[in-house]
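Structure first, then comments.
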Amino acid sequence: MKALVKREANKGIWLEQVPVPTPGPNEVLIKLEKTAICGTDLHIYLWDEWSQRTIRPGLTIGHEFVGRVAELGSAVTGYQVGQRVSAEGHIVCGHCRNCRGGRPHLCPNTVGIGVNVNGAFAEYMVMPASNLWLIPDQIPSELAAFFDPYGNAAHCALEFDVIGEDVLITGAGPIGIIAAGICKHIGARNVVVTDVNDFRLKLAADMGATRVVNVSKTSLKDVMADLHMEGFDVGLEMSGNPRAFNDMLDCMYHGGKIAMLGIMPRGAGCDWDKIIFKGLTVQGIYGRKMYETWYKMTQLVLSGFPLHKVLTHQLPIDDFQKGFDLMEEGKAGKVVLSWN
């Protein structure tokens, strides 16, 4: 079968022929229909410092997907061949304190598909049946293909009550863009998104952001004054940029709450005085709550949330290089690759 493989320990990704995997007793073989390129996949493609520490060359990458059940393991019940599914990309142990306590998204033994084990950029893949999520007929496959990052955005946006609140989102990548849309969809007052990429800021505006701010050209404080704001009630940090995070701390209202998804560089500092004396709450966000986030994000789409607005490119798998080039250049929202 075809698969996108990180064959060599340098920049690039390779379309190769690899064996079709065989499902174990509790696994399902999935025939992929569509997959989406994630920021993590771009890191692996670029072979940055994180990738060099984490990725084993020879790995089939990818973790955002939709497909159909092709074969059931001998012990699998509750699914049928032909059903359309996506899946939670974090495989958890099931026996640690957090798994047994109803917090599997915090499992310290998590294995990530397309990072630690072979992933979804292939014609077929195997997944534990317990990780599957059935996709309703009303949701098109090109949207279901990126439910994974949509879930990250939903986890962040729903972590704190944003109804009637002023929300600051630092980072207009696809997750930040989607989070902006969710916050407006559920009733935030003002949603302000910052970045330095005008293309992606426009996508955030199209998704419903009240104001988008290119911080290389415009002061966030000036925007706050224009909106008659004393400070932001909720912050969603998506950029992983220390300067953006410190700007957020500076602009938060006393008692504000921050959900952090962006991964900061090692040793990055922040103004702890602002966290302490403003009484801020800072909550780290990892993955999606299993499976409450999946339920809520599915219902959001079914209720009219315009997830399609972040989808900018659909390409056949043979044009995968164009997709990675668009992502590297910052000229895309979500890029979906078709395996049909």
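The backbone N, Cα and C atoms fix where each Cβ goes, and this holds for glycine too.
In the three-state DSSP scheme, T40 (active site, charge relay system) falls into the helix class. Residues annotated as active site, charge relay system in Swiss-Prot, with sequence analysis given as evidence: T40 (among others).
According to Swiss-Prot, the feature active site, charge relay system maps to H43 (among others), an assignment based on sequence analysis. Cβ environment of H43 (active site, charge relay system): W50, S51 lie under 8 Å away, each six or more residues apart in the same chain.
Look at E64 (Zn(2+) 1 binding site): DSSP puts it in a strand. Taking Cβ-Cβ distances under 8 Å and a sequence gap of 6 or more within the same chain, the neighbours of E64 (Zn(2+) 1 binding site) are T35, A36, I37, C38, G89, A120, A145, F146, F147, D148, P149. Look at Swiss-Prot and you will find C38, H63, E64 tagged as Zn(2+) 1 binding site.
Taken from Swiss-Prot, the feature Zn(2+) 2 binding site covers C93, C96, C99, C107. The Cβ of C93 (Zn(2+) 2 binding site) has C99, C107, N109, T110 as same-chain neighbours under 8 Å, each 6 or more residues away in sequence.
For Y286 (NAD(+) binding site), the number of other Cβ atoms no farther than 10 Å from its own Cβ, over all displayed protein chains, is 15. DSSP assigns Y286 (NAD(+) binding site) to coil in the three-state reduction, outside any helix or strand. For I175, D195, R200, L261, G262, I263, I285, Y286, the entry in Swiss-Prot reads NAD(+) binding site.
Taking only the Cα positions, the spacing between I285 (NAD(+) binding site) and T40 (active site, charge relay system) is 16 angstrom.
Cα to Cα, L261 (NAD(+) binding site) and T40 (active site, charge relay system) are separated by 13 Å. A gap of 14 Å separates the Cα atoms of Y286 (NAD(+) binding site) and T40 (active site, charge relay system). Separating the Cα atoms of D195 (NAD(+) binding site) and H63 (Zn(2+) 1 binding site) is a whole-number distance of 26 Å. Note: the Cα of I263 (NAD(+) binding site) and the Cα of H63 (Zn(2+) 1 binding site) are spaced 18 Å from each other.
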